[in-house]
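Asks: TrEMBL lists these features:
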type	residues	note
SIGNAL	1-30	signal peptide
DOMAIN	31-120	domain 'CopC'
TRANSMEM	140-164	transmembrane segment
TRANSMEM	176-194	transmembrane segment
TRANSMEM	214-235	transmembrane segment
TRANSMEM	242-262	transmembrane segment
TRANSMEM	274-293	transmembrane segment
DOMAIN	306-405	domain 'Copper resistance protein D'
TRANSMEM	313-334	transmembrane segment
TRANSMEM	346-367	transmembrane segment
TRANSMEM	388-407	transmembrane segment
Amino acid sequence: MSRPSVHPLTCRLLAPLLLVLTLFAGAAHAHAVLQSTTPADGSLLQTAPGTAALVFNEPVRPLAIRLIAPDGSETDLTDQVAAAAALQIPLPELERGTHVLSWRVASDDGHPVAGSLIFSLAEVTGAAITAETRDPALSMVIWAARFLMAAGLVLGVGGALYGAISPLPPAARRPVAGAVLLGLVAAPAYLGLHGLDALGLGFAALADAAPWRAAAGTAFGPSTGLAMLAALTALAALRWPLLGWVALAALAAAYATSGHAGAAEPRWLTRPMVFLHLAALCFWIGALLPLALSLTPSRQGIAPPALRRYSAVLPVAVILLLGSGLALAIVQLGPDPAAWWSPYGAILAAKLALLAALFMLAAFNRWRLTGPALGGAPHALARLRRMIAAELVLALLILALAAGWRFTPPPRALAQITAQPAPAAYGHLHSTEVMANLIITPGKAGPALIEIELTDSTFAPLGAMAVTLGLSLPDRGIEQLTREARLADGHENLWIIPDLVLPLAGIWTLDLEVRQSRFSLLRLAGEIEIK
């Protein structure tokens, strides 16, 4: 049997895609990473700062910025902060004690990034709040909305595209329309839920405008609008089939303009790759439902031409899917293999396993079942229909896995985080006569520089004859390490230990001896956390 030519349909498939590839080039970074803060996290200040600064690796948009005072009262500072890579946050008059600056921002890829900056003025009184945790129920609903949106739009737009290539079977019109409507409903629902997550709100806040405004201001706002436009166009394509190409372009553009992959650098590569990946996925997966419904004994006169057209173009879609997926995986994984062992990497591994099964099933259908089915054999048609249904199930499982990436930063972003210098660790020891502020840089296990600033009870500089620091880690069985500090050049009350090695992370016990004279020895005790 001679194989059908793929050239005319290949051109029809590629031409609309290539026309829009240049729409997605641009220069920006991806996935916001906090690089530094002013004041430093955990610092003890003697004078109140007028502003705080959060410096990221890319411009971010503030979603919620709150200052929690030592007494637990809150001040909303969101409206006073402009979008930028370095957020400048004006602070009100501060009282003595520990303050928490809680922040949420939208990164360039549309996902929310949150954290807290803790600093103390004059004395440490303990953190005013505990760290926020993600609501598991909200996470599950967000995942479900993301999955239903993707499944509905891929099947619906893909089904509409099928109608632009081959007549859509009457039995497929209602399922395709149902898939489109599912995506059309799930898309705005996902946008609202994304707003809840961005602001850290509960389900009841969906009735307010705040989460909708917050979500619309991220990259997911215009992306969701494009996705809904694609759905409406797909519905119109059920009557005017050529609109299926327009729906495909709109949906591929929607996914290319938001999310981890579309926001990754270099965008001249990643955005076109996301566009091609989604377009190829829609053609392949979206055609499965109408194709299966066309393979019935009562429609043998229609099934072979539809199957022949689909079989001719499928290799092109598979090549585009594999090539674009490989390019995106290389970018997202990044150069550091150690970062690949992450939740993102686990989802990718599971997705690749399902893709391998899907490719093998598709290859079996293409090379073993298509020929007999084209001959109109009833048993071959029935068997091929069952195998196509199995393909569809695998495809839906892959989409479900991909929806989980909403909660997992890619390894390239994790590598950016680990590449940042570790913040210093801060400790404060005091008695009625002397206070000591300790700074260990960096505040992690390994070689470190220790600075010890001595003051009296009125915060005036306090001199000393000698300073000795002892550190122990009882939980890990490490007995006290004792080091003599030396006075820093040009200072009267700053002592340093430049060559200390802290072998393990944990809560270290501090024992500080301050000798003021031959007959006066003051001892201070406390703890400091090394990460």
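Positions of Cβ are set from backbone N, Cα and C atoms, glycine also.
Where the annotation comes from TrEMBL, it is an automatic prediction and has not been curated.
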Asks: Tell me if the transmembrane segment (140-164) touches the transmembrane segment (274-293). I count contact as 3 or more CB pairs below 8 A, with pairs 6 or more residues apart.
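Replies: Counting Cβ pairs under 8 Å (6 or more apart in sequence), the transmembrane segment (274-293) reaches the transmembrane segment (140-164), since there are 3 or more.
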Asks: Are there residues at least six beyond either end of the transmembrane segment (346-367) with Cβ under 8 Å to its Cβ atoms? List them, or say none.
Replies: 284, 311, 314-315, 318, 325, 329, 332-333, 384, 387-388, 390-391, 394-395, 397-398, 401-402, 404-405, 408
Asks: Can you work out which residues elsewhere in the same chain, 6+ from the ends of the transmembrane segment (140-164), have a Cβ less than 8 Å from its Cβ atoms?
Replies: 172, 175-187, 189-190, 193-194, 197, 203, 227, 230-231, 233-235, 237-238, 241-245, 247-248, 251, 278, 281-287, 289-291, 310, 396, 399-400, 402-404, 406-407
Asks: Give the one range among 176-194, 242-262, 313-334 whose Cβ atoms make the most pairs under 8 Å with those of the transmembrane segment (214-235).
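Replies: Highest pair count goes to 242-262.
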Asks: Can you count helix, strand and coil residues in the domain 'Copper resistance protein D' (306-405) using DSSP?
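Replies: So the counts come to 92 helix, 0 strand, 8 coil.
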Asks: Work out, from DSSP, the number of helix, strand and coil residues along the domain 'CopC' (31-120).
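Replies: Reading the DSSP string over the domain 'CopC' (31-120) gives 3 helix, 55 strand, 32 coil.
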